[in-house]
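Peer 1: Got a structure for you, questions after.
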Amino acid sequence: MAKGFSLMTWNVNSVRARLDNVLTYLDEHEPDVACLQETKVENALFPRVPFMELGYQVALNGTKGYAGVATLVKGQKPVDVQLGFAEGPEDKHKRILALTYEGVRIYNLYAPNGTALGSEAFAYKLDWFARLRGELDARFGPSDEVVLCGDFNIARDARDTWSVESMKGGTHFTPEEHAALDALENFGLHDCFRKFDDAPGRFTWFDYRGGSWEKKHGLRIDYVYATAPATERCTEVVHDWEPRAWDEPSDHVPVVARFADT
DNA sequence: ATGGTCGATGTTCGA
């Protein structure tokens with residue numbers, strides 16, 4: 001018997017710049033676990049107190065001014081916290097934080113952006129996904145309850161772009177990135193949102209530039225992936241566009257999933 | 001038309 005819970009993932013693009021928005025959202029929605037990406041702050045300067053006042057305990061993997069993830073757990077101490085990859089060279093960009101909640105291993109992920117085709121950063125992105133698949137192989141089986149959520153910086157298929165044409169020549173929609181995501185899925189992971197909704201245009205990110213939000217020109221790059229037993233427990237995944245319309249928004253929207261009792 | 005707007009940092013960079 002494991003208790004049901006709600007899981008939010010949100011790339012907040014600086015937790016300090018977005019503090020009021022994030023606190024407002026957590027206060028209204030009270031997710032049991034909240035995975036934040038792009039916190040852009042070293043651990044010592046993370047604003048722990050206002051989250052603790054909302055009842056959250058905080059697990060941090062941040063660095064100065066760039067990238068960084070944080071996982072907030074409501075009313076419980078974070079269990080079996082892992083920062084970065086389990087093995088091999090350090091994840092120096094601070095993009096991974098895993099913990100266990102109600103029997104589920106929850107990975108909070110901020111995949112590398114990739115910057116430009118042919119760049120070192122693009123090669124690093126592909127290698128990062130390969131290492132992630134390797135870690136799953138080494139530590140879990142597809143019958144374990146594992147959830148990977150966060151900003152994957154890849155649009156999975158044409159429905160997840162506002163225009164395939166606009167993606168040409170850039171990152172986030174290349175054969176190499178799709179192969180990397182396929183390899184991850186082939187471990188035995190399911191795209192939970194697509195269990196409930198197969199429509200195009202269900203975006204999670206809208207560029208600050210060029211009036212993308214007003215035109216609804218976005219991408220779906222934030223995901224909740226789960227192994228089969230966890231996917232069976234998943235009863236809902238919502239992309240909440242409301243905070244994208246608030247003042248001083250993140251360019252990403254929160255994604256909230258619900259997992260049932262077992 | 002290779003633009004544009006953020007955030008952290010420092011007079012650019014990554015996204």
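Positions of Cβ are set from backbone N, Cα and C atoms, glycine also.
Note that the structure is a prediction, hence the values are computed from the model and not measured.
As annotated in TrEMBL:
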DOMAIN    A:8-252  domain 'Endonuclease/exonuclease/phosphatase'
BINDING   A:N11, A:E38, A:D151, A:N153, A:D251, A:H252  Mg(2+) binding site
ACT_SITE  A:Y110  active site
ACT_SITE  A:D151  active site, proton donor/acceptor
SITE      A:N153  site 'Transition state stabilizer'
SITE      A:D222  site 'Important for catalytic activity'
SITE      A:H252  site 'Interaction with DNA substrate'
ACT_SITE  A:H252  active site, proton acceptor
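Thinking about packing and proximity, how do these listed features fit into the structure?
Peer 2: In sequence order, A:N11, A:N13, A:W205, A:F206, A:D207, A:Y208, A:R244 are the residues of the chain that are 6 or more apart from A:D251 (Mg(2+) binding site) and have a CB within less than 8 Å of its CB.
Contacts of A:Y110 (active site) defined by a Cβ separation under 8 A and a same-chain sequence distance of 6+ are given as A:N11, A:Q37, A:E38, A:A67, A:G68, A:V69, A:R95, A:I96, A:G150, A:D151, in order along the sequence. Under the three-state DSSP scheme, A:Y110 (active site) falls in the strand class.
Cβ neighbour count for A:D151 (Mg(2+) binding site): 27 (other Cβ atoms within 10 Å of its Cβ, all protein chains included). For the recorded site, A:D151 (Mg(2+) binding site), the DSSP three-state label reads strand.
Contacts of A:N153 (Mg(2+) binding site) defined by a Cβ separation under 8 A and a same-chain sequence distance of 6+ are given as A:A111, A:P112, A:N113, A:G114, A:K125, A:T171, A:H172, A:I221, in order along the sequence.
Annotation note: A:D222 (site 'Important for catalytic activity') sits in a strand segment as assigned by DSSP. Cβ environment of A:D222 (site 'Important for catalytic activity'): A:T9, A:W10, A:N11, A:C149, A:G150, A:D151, A:F152, A:T204, A:W205, A:H252, A:V253, A:V255 lie under 8 Å away, each six or more residues apart in the same chain.
Neighbour density for A:H252 (Mg(2+) binding site): within 10 A of its CB lie 25 other CB atoms from the protein chains shown.
According to DSSP, A:H252 (Mg(2+) binding site) is assigned to a strand segment.
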Peer 1: I want to verify one value. Collapsing DSSP to three states, which class is A:E38 (Mg(2+) binding site)?
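Peer 2: SS state of A:E38 (Mg(2+) binding site) = coil.
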Peer 1: Could you tell me the mean pLDDT over the domain 'Endonuclease/exonuclease/phosphatase' (A:8-252), as a whole number?
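Peer 2: Result for the domain 'Endonuclease/exonuclease/phosphatase' (A:8-252): average pLDDT 97.
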